[in-house]
Amino acid sequence: MASYQLIKEAGEDGTLDLQRKDCTLHVEGCNGDVESALQKIYPSSPLSRSGSDTGANGATSPSGRLVSLDVFRGLTVVLMILVDDAGGILPAINHSPWNGLTLADVVMPFFLFMVGVSLALVYKNMSSRAAASKKAIFRALKLLIFGVFLQGGYFHGINNLTYGVDMDLIRWMGILQRIAVAYLVAAMCEIWLRNDEKVNSGLSLLKKYKWHWIMMLMLTTIYMLLLYGLFVPDWEYQIPIGAPSEEAKIFTVKCGVHGDTGPACNAAGMIDRMILGVKHLYRRPIYARTKQCSINSPDYGPLPTNAPSWCQAPFDPEGILSTVMAIVTCLIGLQFGHIIVHFKDHRNRLLLWLAPSSAFVVLGVLCDIFGMHINKALYSVSYTCVTSGLAGLLLATIYLVVDVYGCRRFALVLEWMGMHALLIYILVACNILPLILQGFYWRDPSNNILSLVGIRKQT
């Protein structure tokens, strides 16, 4: 039992008498937690309750996990399915052909943001840093292997029952691979780069995790130096990829520039071509939907008569340089998770989320206005800021609705999807479920369940 000197006194009914000036309140079963005592001041206000409450008005699950985090992940999964299936019908919600931001463009950073948030909760109590590091490395390797297997070209898409990949043409990078790298770096930062300073304010929170912010600044600086400082020479590629040279058509792309952020001559593409090799990159580049490369822009379509030479060139949207800023997104999410760990009051959490989120959005918009365009394919600094800010604002909104005011029933499906986000991603976004279903056909492979419901998408 602990005692706290308060400015008001507890009445006989257990609430506080607002007419008295001082009292000593005895708190039992709270391990000296003053927040449980302070809740008696305004028992009817949801914002005065702790974020770890599990009452009828709260929405924390019996396991102690915040429901809003699962709902956020579930909503991101729904967005992913929506833009994947409806993006071809509504190109406006599909990925932006180059510069700009659409609904589809927020899915990846939202996933990375939530990976960071979750890491703060996973590693808030560690018995051994070495053991935690081994687990993080093992999990990252599993994601990496899954990614190469599912997105490296082993499966040949819907309406194709063959499988297998030429190792000379395998795609090394991908969405799961990017998440694996970002997860590993963020986990190592959380495990090794924090001090023992106690947190009782926003400033002390910054001091405790100052090395995380230094890491973010270093990664951003490295990214900008490489993107704007490297010289990009002329380069070549052939169509079809991997064909003998005598059977292929060679295209030459004229560059010879520094700091170009267009589709053809950016440093991100050059780094991938040099390190990974042009044959190991994504062969359906997003810039093939630009006006220069498609008569159906912003959708894919036939090449215009005067299309530039780079329109059919492979380009990986999950490349090496852009993954550097993806790590920054994950680290930003990690800081939002720290707020959950160190602050239990709803008001404090919301204020500490809303302030930096708004600042990130404003900073990203300003960067875009002054020429550092929002670009998902390059994962530009402005794109990182805007999407991280939007993720923070969305998290705060869901938290207010679900965890503070307890409106959980309408979000039960999203909560379930969020708890199984990786499984749903593998089954749906990686086309594993459609591939399984199309394996059962009647006499002819084209007579399968997918064709019956009208699904004939080629990936």
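Heads up, the Cβ atoms here are built off N, Cα and C, so glycines get one too.
Database features (TrEMBL):
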DOMAIN    65-189  domain 'Heparan-alpha-glucosaminide N-acetyltransferase catalytic'
TRANSMEM  71-94  transmembrane segment
TRANSMEM  106-124  transmembrane segment
TRANSMEM  136-155  transmembrane segment
TRANSMEM  175-193  transmembrane segment
TRANSMEM  213-231  transmembrane segment
TRANSMEM  320-343  transmembrane segment
TRANSMEM  350-374  transmembrane segment
TRANSMEM  380-402  transmembrane segment
TRANSMEM  422-442  transmembrane segment
Secondary structure content, the domain 'Heparan-alpha-glucosaminide N-acetyltransferase catalytic' (65-189) (per DSSP, counts of residues): 81 helix, 4 strand, 40 coil
Surrounding residues of the transmembrane segment (350-374) on its own chain - C-beta under 8 Å, 6+ positions past either end: 47, 99-101, 202, 205, 261, 332, 335-336, 339, 343, 380-393, 395-396, 399-400, 404
Integer mean pLDDT for the domain 'Heparan-alpha-glucosaminide N-acetyltransferase catalytic' (65-189): 89
Beyond the flanks of the transmembrane segment (320-343) by 6 or more, those residues with Cβ under 8 Å of it: 51, 66, 108-109, 112-121, 124, 173, 178, 181-183, 185-186, 189-190, 199, 205, 208-209, 212-213, 215-216, 219-220, 222-223, 226-227, 267-268, 271-272, 275-276, 349, 352-353, 356, 360, 377-381, 383-384, 387-388, 391-392, 395
